[in-house]
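Database features, via TrEMBL:
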DOMAIN    B:5-227  domain 'CobQ/CobB/MinD/ParA nucleotide binding'
BINDING   B:11, B:12, B:13, B:14, B:15, B:16, B:17, B:18  ATP binding site
């Protein structure tokens, strides 16, 4: 590393990459094993919710969890803070 | 016993062909009989990396279509006695490869006593990539410590566990290994690049090798000499280790730390 590079050091962003990947990979793995209708279900639910509440797509989570013998479809919406909606 | 190994990644440009060539050479250098096959139909490149581009007469598709025998199409390496290359076809017809055709070529290689068949997969998740992995016993998933490469390789892991013969027949699953390339210990140390541990944790794979970022890779491809044969290079040592692990050796990972530089080199770069 040269003297110049020392003063122009770039931001440590590896932890951001890791965190983003952890989330997206987990989400894509859930969708992978699950039924084909999940993406469509997610999109249609989003449309319905957004008729009533202005939520960010990131605030809506769909998870299909497999527990011994049965599956749970978990759906969570983080509502926006009051005054922002 | 023949082992079929696919070198795959999803994303392009991460080092699949470099890895295929070096792993094939490493195995052949240990006396194994190895065939390395380019599955990138239409975009032949393994021949260049192996340095045998001017000796390609017949290719993979010619063999499948019966234009020539497998023996005529296999190019014998000039450096290593037991190493053979099967070039990809330059045809634009993507359907030139078929599941049965590939099986036929593999069966012939197996009957001929080849111990390893290395399949250099094309990028993407289309037919070529599917065929390259379909009959695999093992997969080397080549990954750069970078978001798109990691995500794409996770997609490939999904395909390995569902779209291979082993998955379809419900046999023991394809053994998957992670090979990190273009690794820069300096950038990992400053927090600019994900570490081996980070990628390993996200993908949940065992690490078969970590290849340091190095100008030697470009020099090797310029010259048509697989980088593992450049014994002065850390890249060669890292690939040698990976081949050792593939054969069951337990070796500690090397080149995960930046080599110590002298005071002057640190002040003025180098």
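Glycine is no exception: its Cβ is also placed from the backbone N, Cα and C atoms.
Feature map: TrEMBL annotations on the structure.
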residue: B:11; record: ATP binding site; Cβ contacts under 8 Å, 6 or more apart: B:123, B:144, B:148, B:149, B:152, B:153
residue: B:12; record: ATP binding site; Cβ contacts under 8 Å, 6 or more apart: B:123, B:124
residue: B:13; record: ATP binding site; Cβ contacts under 8 Å, 6 or more apart: B:123
residue: B:14; record: ATP binding site; Cβ contacts under 8 Å, 6 or more apart: B:142, B:143, B:144, B:149, B:181, B:182
residue: B:15; record: ATP binding site; Cβ contacts under 8 Å, 6 or more apart: B:9, B:142, B:144, B:181, B:182, B:211, B:217
residue: B:16; record: ATP binding site; Cβ contacts under 8 Å, 6 or more apart: B:7, B:8, B:9, B:120, B:121, B:123, B:142
residue: B:17; record: ATP binding site; Cβ contacts under 8 Å, 6 or more apart: B:38, B:45, B:46, B:49, B:120
residue: B:18; record: ATP binding site; Cβ contacts under 8 Å, 6 or more apart: B:49, B:181, B:217, B:220, B:221, B:226, B:227
Quiz item: Per DSSP, residue B:13 (ATP binding site) is which: helix, strand or coil?
Solution: coil
Self-check item: For the ATP site built from B:11, B:12, B:13, B:14, B:15, B:16, B:17, B:18, further residues of that chain with CB within 8 A of the site's CB center
Solution: B:9, B:19, B:123, B:142, B:181
Exercise. Give me the mean pLDDT over the domain 'CobQ/CobB/MinD/ParA nucleotide binding' (B:5-227), rounded to a whole number.
Key: 95
